[in-house]
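Everything on this sheet refers to the single structure shown next.
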Amino acid sequence: TAHLTISNRVPVCLEEDVIITIDAGLAYRDDLISDWTTEFRSVEQRPLRCTFPVPKTYENEGRFYHCDPIPFMELGSVAHKYFLINLRLPVNDTVNVGIGEIKDIQIVGIHQNGGFTTVWISMKTVFSPWIFGATVWYWHRLSLMARPPVLLERVIFALGISMTFLNVPVEWLSLGFEWTWILLFEDVQQGAFYSALFCFWIIFCGEHLMDQSQRNQLSAYWWQVGLVVFGSSVLLIFDLSERGVHLTNPFYSVWASETGTRVAITFIIVAGISVCLYFLSLCGVVHCVFRNIGGKTQQLPAMPEARRLRYKGIIFRFKFLMLVTLACAAMTVIFFILNQVSEGHWHWGDYTLQVHSAFLTGIYGMWNLYVFSIIFLYAPSHKHNKNKSGDSQQTDTLEKPEKTYRITGKVAEE
């Protein structure tokens, strides 16, 4: 990502709400003797917002204006060794009028360095087969059951698939191929994972309402899941409005115009409202679950031993997973805040502590461990007695669905 910093020195006051027109081009080559090959060319307009740091008097004439950085370009792939940026500010009677005399232009580049790239690709390479193997093992355990998978088990399997999809190390191929869509693909990966995670949370809590009659039905969570799908769709449309254009024009920015800025802010606000409504609903379901668990805990001494052990297992797994979920969510929020406030690093005297890459890899590893824990804790167990006769095996097969429904508190209407 590159940003322009422009310094103006003018003998008169700079006009307000001025638009600067930039004729930009990007070329590449892979050695020092070949000719440059033009890859992208575009004429873009950006709002120029500048302030004068001192009073506008005759004595201060000739001083510089301080201008805000301007978003310039964003490349999703740098598959070539050398790049050349051609930047021109055309001037005529209608273009670049009122911008003053440009004295200085600086390009600030934000890139992913080699050390982080090595760590990031290595982590994805390790986690990808690990989570994939766990997901395949989980589905194998489900296929051994004498009953079809219940809703919670299907959602856990979908969560494992989304985590596997997020772990796919496509960055290996992007090192040799010029894939301008790699950033858009990464956003789709993250969106698919978080959508599956939000759906899992609401269904996981709802299925632990042990006395609830409407169970094992996705329609019981239609409006919470609908909020997740709606918010994800809004963010996907917003992402496509910029990342999609970057496939053919890396100089485009949805924030370059007032209309684009309003539309982008509207999309973000609508998605934020959907997320807030979802979390309010989730908090309500969690409150009901803990209230029911408190009632069941008081009834445990009066229950038969088999049922008491089953309820203890349900309560322990739920409380443990809720604590891990809260810790993961808190770390994610802290990472987001530090990323926005500190801009990637802290200064402690003469030392610079890089927190962006550390938190990014830490959060990524934490979510992989979280999904693996869910798969491990909620994988169905199988205890087969090979010495059983055919009749006893058939009886056991018929009783398993009813036992499973009783364990999770469902009403076995079969």
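Note that Cβ sites are derived from N, Cα and C of the backbone, with glycine treated the same way.
TrEMBL annotations: computationally assigned, not manually curated.
For 14-112, the entry in TrEMBL reads domain 'Wntless GOLD'.
Look at TrEMBL and you will find 113-382 tagged as domain 'Wntless-like transmembrane'.
Marked as transmembrane segment by TrEMBL: 119-139 (among others). Beyond its flanks by at least six residues, the transmembrane segment (119-139) meets 112, 156-157, 160-161, 163-164, 167-169, 171-172, 357, 360-361, 364-365, 368, 371-372, 375-376, 379 of its own chain at Cβ-Cβ distances under 8 Å.
Beyond the transmembrane segment (151-172), the same-chain residues lying 6 or more positions past its ends with a Cβ under 8 Å from any Cβ of the stretch are 117, 120-121, 124-125, 127-128, 131-132, 134-135, 138-139, 142, 179, 182, 185, 189-190, 192-193, 195-197, 199-200, 203-204, 207, 215-218, 367-368, 371, 374-375, 378, 380, 408. Feature annotation from TrEMBL assigns transmembrane segment to 151-172 (among others).
Listed by sequence, the residues of this chain that lie at least six past the ends of the transmembrane segment (192-209) yet keep a Cβ under 8 A from its Cβ atoms are 150-152, 155-156, 158-159, 161-163, 165-166, 215-216, 218, 220-221, 224-225, 228-229, 232, 278, 281-282, 285-286, 288-289, 292-293, 314, 318, 321, 325, 367, 374, 408-409. As annotated by TrEMBL, transmembrane segment applies to 192-209 (among others).
Look at TrEMBL and you will find 221-240 (among others) tagged as transmembrane segment.
Per TrEMBL, transmembrane segment is recorded for 260-293 (among others).
According to TrEMBL, the transmembrane segment annotation covers 314-338 (among others).
If you look up TrEMBL, you'll see 358-379 (among others) marked as transmembrane segment. Beyond its flanks by at least six residues, the transmembrane segment (358-379) meets 119-120, 123, 127, 130-131, 134-135, 137-138, 141, 152-153, 156, 159-160, 163, 167, 193, 200, 317, 320-321, 324-325, 328, 331-332, 334-335, 338-339 of its own chain at Cβ-Cβ distances under 8 Å.
Summarising the annotation, TrEMBL assigns region 'Disordered' to 384-414.
Residues or ranges marked as compositional bias 'Basic and acidic residues' by TrEMBL: 397-414.
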